[in-house]
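A short write-up of the structure that comes next.
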Amino acid sequence: MATDLSSSSTLLLSRNCKTPPFYHTTNSLSLSKTHHLYASRNAVVSRLRLLCQTTGSTQSTPTSGVSDLQFAAQVGQHRLSKVPISNIRNFCIIAHIDHGKSTLADKLLQVTGTVQQREMKEQFLDNMDLERERGITIKLQAARMRYVYENKPYCLNLIDTPGHVDFSYEVSRSLAACEGALLVVDASQGVEAQTLANVYLALENNLEIIPVLNKIDLPGSEPDRVIQEIEEVIGLDCSNAIRCSAKEGIGIIDILNAIVERIPSPRNTAEMPLRTLIFDSYYDPYRGVIVYFRVLDGSIKKGDRIYFMASKKDYFADEIGVLSPNQMQVEELYAGEVGYLSASIRSVADARVGDTITHYNRRAQSSLPGYKEATPMVFCGLFPVDADQFPEVRDALEKLQLNDAALKFEPETSSAMGFGFRCGFLGLLHMEIVQERLEREYNLSLITTAPSVVYRVNCVDGDTVECSNPSLLPEPGKRRSIEEPLVKIEMLTPKDYIGPLMELAQDRRGEFKEMRFITNSRASITYELPLAEMVGDFFDQLKSRSKGYASMEYTFIGYKESDLIKLEIQINGDPVEPLATIVHKDKAYPVGRALTQKLKELIPRQMFKVPIQACIGSKVIASEALPAIRKDVLAKCYGGDISRKKKLLKKQAEGKKRMKAIGKVDVPQEAFMAVLKLEKKPWSYKYKMSVNC
């Protein structure tokens, strides 16, 4: 079958031509022109022969007598052949969650022949089990693709990014390593809140943005309406927007051609001293720290002595290579290319994300501007169930922090739970993902305290103290005022749900700022509200009240003084530190009442009566009593003298009194999350802790 390599038709890299899979492609925006093309092994050989001619490679092309493994190896080697820097394109895919980023990345890998059909699976770049189970992207991933356009080979470096607001830091790291971005918008849902946030990040990095309308094959898709939304809300010119269906393979070639035509190539700075920017890294137990980097200036070879400018450490580059998408070794990487590095780095602190790598003997004059430091917004305590696992928890957090630069932690002690760590996260989903990764990847058993935010306490002596742990809040006589963090939240919703969402924001002490209609049927509502009011079930309530149609995006704007107090929980007369929380004075009573009632349901009944109290200082504002389990000590008495029964009842009462004084109350794990009524999965509840009461 003859194949025109210069046309924008789809070429399928398939060895078996008897039952070849197929792709849809279109050379225009009309679905009626969709056609199917089949390519056999001979077409692949022809394409590789063209690559050899255009790159000047002397390696022979695959012949009919080579084996499957040899054939695949030769395909891989041609992907590694060098191309001019003018033929390199670095781009990422940004979008709102569930708009089809990972599916589009899968199809790009498949159409360019980077991944063979038999190796293909859904969410190919999502390596973690958590990502596949939840259907979301958590970690950015990179892949190198080879594409022939107008008889010239191009190297396309793709970086797939997360879509959830909690992982916007991952997106910012991807953008710093690219010159362009594919802005993917669901043609049926339209512009969402995170779409706006990602576009603003891309514009700040001066990226060329290519609008892509995905899922046009759905019956409810409205591409014309969505194009109008993008132009009115974002201000992008969508006259050349690409309409595609990543699932069906429609418009994929148009996207690849647009990447080549519209995204600029990197600057040619190969003669300058080496400067590479680390945009990701992870810890391998056998090879040490593996660094993902983008070469901005100069070139790096295998065996070079390299220097990390921030940590001031030097190593020898034992192995360098590209991600295609699996790691493939090369001898040298030049300016504009993206790759990985292994240098037997054993200390996780020596290769931080955002650091600059240069040559040890020919150092660059200045380091590259690193990333904006991630600011944790939500804090909670992580404690091992087994106190002997404290060193393992510390090592696991250090290794996880290497791969997740937004994670912050410091040691913490609690009279109830012993030694642990106070950890900072970007949001609730980030917190949940980190805890589950610690339990899955490092086999740890953890207890999580209720999440909180960082408060600023202005003391009477003039000092300002930041407090993320309610149990460490200064005494009332030592503090003058308390400031809480504020966020600006933008909710995009159909007009039918404007009322319920405004009611939700006002119930959470929100201050209305602006409302504007994006289209006749969709509106944008802006509020300022305390971050503490969002830490909980705010997102769940937003989805519930809008029947799943609304989306939100928030940004931190600063601190504001507020009338806040510390609410303590006492069980059997003793305070339980992990259950302490900071609340607004007007909400103290309803929160205390709801919390004591919730704890009464969660704490198992004891052999003695257990009082559960919510206190502000020494004042009890809400109280519940957990009744004792009654044992019928008179069951064996069948008549007889009444004094015998009185003696047994008196003995039982004395025993209960003694037990109440020295007894222990088991507080289940879900009690710590009950402070904010978080709905956790069953695996979070399987551990209990004992509080001496």
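Each position is counted from 1, following the chain as shown.
Each Cβ is built from the backbone N, Cα and C atoms, and glycine gets one as well.
Here is what Swiss-Prot says about this protein:
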- 95-102, 160-164, 214-217: GTP binding site (BINDING)
- 86-267: domain 'tr-type G' (DOMAIN)
- 1-51: transit peptide (TRANSIT)
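Shown on the structure are the features that Swiss-Prot records.
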| residue | record | Cβ within 10 Å |
| --- | --- | --- |
| Ala95 | GTP binding site | 27 |
| Asp98 | GTP binding site | 14 |
| Lys101 | GTP binding site | 27 |
| Ile216 | GTP binding site | 21 |
DSSP state at Ala95 (GTP binding site), helix/strand/coil: strand
Three-state secondary structure, Ile216 (GTP binding site) (per DSSP): coil
